[in-house]
Amino acid sequence: LAEELWSAGLPGDLPELEPECRSLLAAFAEGSAALTGCLGRRARPVRLCQGCHGPYRRLLAQYGSIARAVGNSSESHNCAKSILTSDRLQIVVTLSEFFNETWEAANCANCLKNNSEGLSNSTEEFLDLFNKSLTCFEHNLQGQAIDLSPNNYTEVCKNCNETYTKLNDLYNHLQRMNRQGGESEHSAHLCIDVEDAMNITRKLWSRTFNCSLPCSDTIPVIAVSSFILFLPIVFYLSSFLHSKQKKRILILPKRIQSNANLVNIQEKYS
Amino acid sequence: MANVAKKVSWSGRDRDDDERVGETTPLINGSGPGSARQLTPSSFLRIGQLSNVDLNEDIHELETELPRQRPSEIPHNEKLLSLKYESLDYDNSENQLFLEEERRINHAAFRTVEIKRWVICAMIGILTGLVACFIDIVVENLAGLKYRVVKDNIDKFTAKGGLSFSLLLWATLNASVVMVGSMIVAFIEPVAAGSGIPQIKCYLNGVKIPHVVRLKTLVIKVCGVILSVVGGLAVGKEGPMIHSGSVIAAGISQGRSTSLKRDFKIFEYFRRDTEKRDFVSAGAAAGVSAAFGAPVGGVLFSLEEGASFWNQFLTWRIFFASMISTFTLNSVLSVYHGNAWDLSSPGLINFGRFDSEKMGYTIQEIPIFIFMGVVGGILGALFNALNYWLTMFRIRYIHRPCLQVVEAMLVAAVTATVGFVMIYCSRDCQPIQGSSVAYPLQLFCADGEYNSMATAFFNTPEKSVVNLFHDPPGSYNPMTLGMFTLMYFFLACWTYGLTVSAGVFIPSLLIGAAWGRLFGISLSYLTKGSIWADPGKYALMGAAAQLGGIVRMTLSLTVIMMEATGNVTYGFPIMLVLMTAKIVGDYFVEGLYDMHIQLQSVPFLHWEAPVTSHSLTAREVMSTPVTCLRRIERVGTVVDILSDTSSNHNGFPVVESNPDTTQVAGLRGLILRSQLIVLLKHKVFVERANLNLVQRRLKLKDFRDAYPRFPPIQSIHVSQDERECMIDLSEFMNPSPYTVPQEASLPRVFKLFRALGLRHLVVVDNHNKVVGMVTRKDLARYRLGKEGLEELSLAQT
């Protein structure tokens, strides 16, 4: 009923959204629903930037058209004003802010092209390599799928080492590039997709497969460190034994020495 | 010495006269070979004793002193006063020249002088800020370079094996950098060692520490600090900023540099100790303010630690200087970091913001904070006691510069080794994502994780402090923190007192932050994760407690911490913590700076005379006999007195040169060695004046031009003829020196001396005759020890 009332165009007091504004709002609502769905579906494993940059861009455009829309020329029927700022809640603004913040926090701009149409080349390359190493993992695991004894991943480690190292190097390279280019603290991170992908791979590699077993050379380290720690003892002992102790020459001050004098004088003077 | 006495033949005659009469004019004569300190063989006092006091005992004493020609040697200990240190002349010599000049300056000219003071303060602030920026930027870059090299090396060898090479690389890098830093300090300017705060404290107290405010010292200090921080020692760059600020202040206010031999002919009015001291306290404040971004804290630091002489105008000027300094640092660093005019990075160390919800505190936490204060006090006292023994050992045995350099290198190597071993043994891995670690070391952690011990050890100490304050809960294992605290405590204690320029502020904060965080973690563990147990907050309190326990500052430290955190609500708990730490710490040993002042045998005057000293009078305190000069004195005598090496006196009472010896020759004034030297240099002799040989009258400017490095008497040539000339001192001496009667009690003398910043205080008898002289060393030798009043002995160091 209310819908009808509104569309009937009540005269005077009841404020009413102009048709073009209403369509803008509807478009925004749909766009945000699409983006929310996209974000939610791609939350784990994180594929936000790859999958949702389209909806995000559209939503941005829709919001922009609301903000820019002047409506029916007259000041009072301005779409931007009536949609964005006429109530306390300002839900459209809140929504768009939320999406913007999420996008910034994910640092998606980092792995998109400058015009944010599609992924940048380096990201593509990285994801390629990532997929390759995942397939490599899978492939090698299938070979020994029957006995999944936790420590027997040597096959994987041996066969996929090359891809993994490449992936790791590329990631480090990207990170370094990013650090050099970026000024503010925020852009020190790569985009969340890349970070998460690397994270997953690293975890698989060193936790699950236990591949990165660094050579631990405890004995040389102990030897060298105990040698260095031993040096000060030698130094202090030798300087204690051989260095000539610094002597101070006492100077005798010229003063009235005995208290008897003092008492005498005091008596005399008083 | 002996032949001087022979040549000056009239002195013996005078003495005979005096003895006959029983009253005396203190005279300037040669002395017997036995007296170690004084030239005068006959002085009022001895004769006075002969004539009216216990004859036998005094004679006996005179005799026993004579054979004791070879002075006794003892090992260095804390109960000594060094002869090396002299007083500053904080009391203006109000002689005729001075009065004439002051009279010439009219009201408007005084206003110009006042404006000049403000200009100087602004310049002090700007330059101090710039120096702080320079140190900060250079340290950041060099340390970054070093850590990157070592990190790459470790990363390389973690995969391949051979980590012992990384250890060697790290240790060698540290040791070689520290070697350079230590060498410049040990061989070029030893006074630049340490934080410089004790030295500045002494300077402001009125003790002239040789070379302490020279340009050379500043250069060495700045380079030394950079090198020792880059060398990875457990030191900070904040303390030395205070010294740097002071040197800058002393330099600017004089309008010239004696080291560079440049005289800009400006600010000549300020070329005396009194004015210079005021500027130095402004410089110290500017230094604190640049170091911590705490302008008010800087002013209060000057008030608490430094300035013994204070007034409101000075406070306001000092505040101005410190504000300018922090502003300069701010602007330059903001430009350097790329966000120009965003003035939000004050101070070399920025504790970061503490304003999130959970950083608040409740009334229940107050007892916990107080307990932390107690812990800080005990740990601080332990630190100081250990450092005391170490410093004593160093003074006695490690006094050769090469040994000092070797020691510093060893400490640097061991610091690196300890850090490496700790990191090597630690199994505390944290995910790298979302953390802001500057140099994440992976080592044995899984890929994508970093070693959390490495954030503490593999970093400059300032960064580690900030990490401990702000890293989210769970970034550190309790085990990691415990081991870190333990190791760093000993390292920092070992490092302080090395021959490198370095401060103790940051290491103390770091130790405190580590155990404070540990405390916070265990607290939240005990209370099953209560909301208020945020480890960062406890890290801050622990840092305050530890620093307070070591340096024992209260007011200024509270404000500095408050300003550095930018959080006024923490004022109350920080104050409580510092108060407790000081009370507890003072129960055991004194503060680190006071301890080092004492170990250096500096005649430092505290605020008050020792409490149990009322029974002592000026008569017992003073030095006697006194070397006096007559108002019109023979040049030869003056030269002889000045060039006598066994008595390095700096002030000489001037008495009436009355030919009629039957009359009382009372005290007429006081003249300083520096003034006499200037007089001799310009040959202001009566005979020359009579012959119109003197082109112009000596002005105050001549004295100022020689300040502060008066030439030694050896460099002044006086011919044999000139020795027979006479010199008239009446124009140049201070005609109104402060005097006390013999009966004045020690606290009274002390108060006069301390409050006016005197250098010489003449003791006179009822007839205004000079009986003795009280100097700084006479007062400073009384100290309240464990068993009541102690007397320190004088020693040559």
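Every residue gets a Cβ built from N, Cα and C, even glycine.
Residues or ranges marked as domain 'CBS' by TrEMBL: B:733-791. Positions annotated as region 'Disordered' by TrEMBL: B:1-38. Marked as transmembrane segment by TrEMBL: B:118-139, B:167-188, B:218-236, B:279-302, B:314-336, B:366-390, B:479-498, B:504-526, B:538-562, B:568-589.
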Same-chain residue ranges lying at least 6 outside the transmembrane segment (B:479-498) that approach it to Cβ under 8 Å: 182, 193-194, 233-235, 379, 383, 386-387, 390-391, 394, 404, 407-408, 411, 414-415, 418, 422, 426, 428, 452-453, 456-457, 504, 507-508, 510-511, 514-515, 517-518, 521, 592, 596
Any contact, the transmembrane segment (B:366-390) to the transmembrane segment (B:314-336), with at least 3 Cβ pairs under 8 A: no
Distal contacts, the transmembrane segment (B:167-188) - CB-CB under 8 A, six or more residues away: 146, 149-150, 153, 216, 220, 223-224, 226-228, 230-233, 401-402, 404-405, 408-413, 415-417, 419-420, 498-501
Within-chain partners of the transmembrane segment (B:504-526) [C-beta distance under 8 Å, separation at least 6 from its ends]: 195, 234-239, 291, 349, 368, 372, 375-376, 379-380, 383, 456, 461-462, 464-465, 468-469, 473, 476, 478, 481-482, 484-485, 488-489, 491-492, 495-496, 533-547, 550-551, 592
Counts by DSSP class (helix H/G/I, strand E/B, coil) across the domain 'CBS' (B:733-791): 16 helix, 24 strand, 19 coil
